[in-house]
Amino acid sequence: MDQQKVNLLNYNYSQLRELLIAWDEKPFRAQQLFQWIHQVGICDFAQMTNLGKVLRNKLSQLACIDLPEIVACQKSADGTHKWLLKLECGNCIETVFIPEANRGTLCVSSQVGCALNCSFCSTAKQGFNRNLSTAEIIGQVWLAARELSDNNGTHDKKITNVVMMGMGEPLLNFDNVVSAMNIMMDDLAYGLSKRRVTLSTSGVLPEMERLREVSPVALAVSLHAPTDELRNELVPINKKYPLSQLISLCKRYFKDEPRRKVTFEYVMLKGVNDQPEHASQLIKLLHNVPAKVNLIPFNPFPLTQYQRSSRETIDAFRDKLMKHGINTITRKTRGDDIDAACGQLAGEVKDKTSRSQRWQKLHFMSKTEKSTELTISSEEIA
């Protein structure tokens, strides 16, 4: 990207309006420009025909619409898409689209790598490099909409839901994530409702409080254990923000909207957190919490110490929670044949925490040996 130009993907509608006013342009031009970028999916100013030639020339001189580069695309047997996206810094992130009968969910990354080191997650094993910009977050949505479109013009409505559940802890990149989610929910952009944008967090409590105040999106909490002792092992941030504090916040998170519930994600690990006593502890923990539970069959990755719970064990765990009035579903594993399932996203990270370089080499060697065909995109998006 030209360092002298501003990337318009970093701007929400109000910011774009202020920018154009500062450039001595009419404020209404912001709506036209914003719609061209996000609704129509155009990044060539010359094609924005209702802006006027003078403004188009000015935009070409002062601004750009700079997107991540699609390095590779994989499509699962179940229809799941995974894109490997290269950033300007040279690192890569992954974005996943999961199609279903009545909706299409895009799983978006918020960081290059992750610093939280959850023991069952592939991303965590690579360490952390940096936060993504607003442009790099919303750029994932832009590119997915373009790639899923049946034509090369208007962005279709195949993406009905966005989940901030890709690489990284979204709340540790608070400002950029909230800015990107606001663009997703803007009727002049992607027009997603607040219930169709979900942020998943491991429980960064101060930022959860901030999110509650400034953004109406759905909340998912990566719980994975019913006791502090076990959660300290699986989700180390629990040592800083223990369950008592986390659950207290979740109880009042949607106090002004009593019909909304917090989703608790619970990965099922064989012999670790899947026993009847764990279900009993979870029932006690979630008492009087407006909750629904999403049981996630563990998706293995190279060098992991964990195994997936059996179907019978998962079903028994679910049934026990349901018997005690907790709305519980088991997530259907999607895209695991292309390492696109929950906990498997890896990308390519230049780790600034120096964590497990050997793990990275073995991981990517293993991915190559799977011989899953990569379709290299030759289309230039910028």
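Each residue, glycine too, has its Cβ placed from N, Cα and C.
Swiss-Prot has this to say about the protein:
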type	residues	note
ACT_SITE	GLU94	active site, proton acceptor
ACT_SITE	CYS342	active site, S-methylcysteine intermediate
BINDING	CYS114, CYS118, CYS121	[4Fe-4S] cluster binding site
DISULFID	CYS107-CYS342	disulfide bond
DOMAIN	100-336	domain 'Radical SAM core'
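Note: the Cα of GLU94 (active site, proton acceptor) and the Cα of CYS121 ([4Fe-4S] cluster binding site) are spaced 14 Å from each other. In the structure as shown, the Cβ atom of CYS121 ([4Fe-4S] cluster binding site) sits within 10 Å of 26 other Cβ atoms. Distance noted between the C-alpha atoms of CYS121 ([4Fe-4S] cluster binding site) and CYS107 (disulfide bond) is 15 Å. Of the recorded residues, CYS114 ([4Fe-4S] cluster binding site) and CYS107 (disulfide bond) place their C-alpha atoms 16 Å from one another. CYS107 (disulfide bond) sits 19 Å from CYS118 ([4Fe-4S] cluster binding site), taking the CA atoms of both as reference points. Long-range C-beta contacts of CYS118 ([4Fe-4S] cluster binding site), restricted to its own chain and to partners at least six residues apart, with a cutoff below 8 Å, comprise ALA124, SER202, SER222, HIS224, LEU234, VAL235, PRO236.
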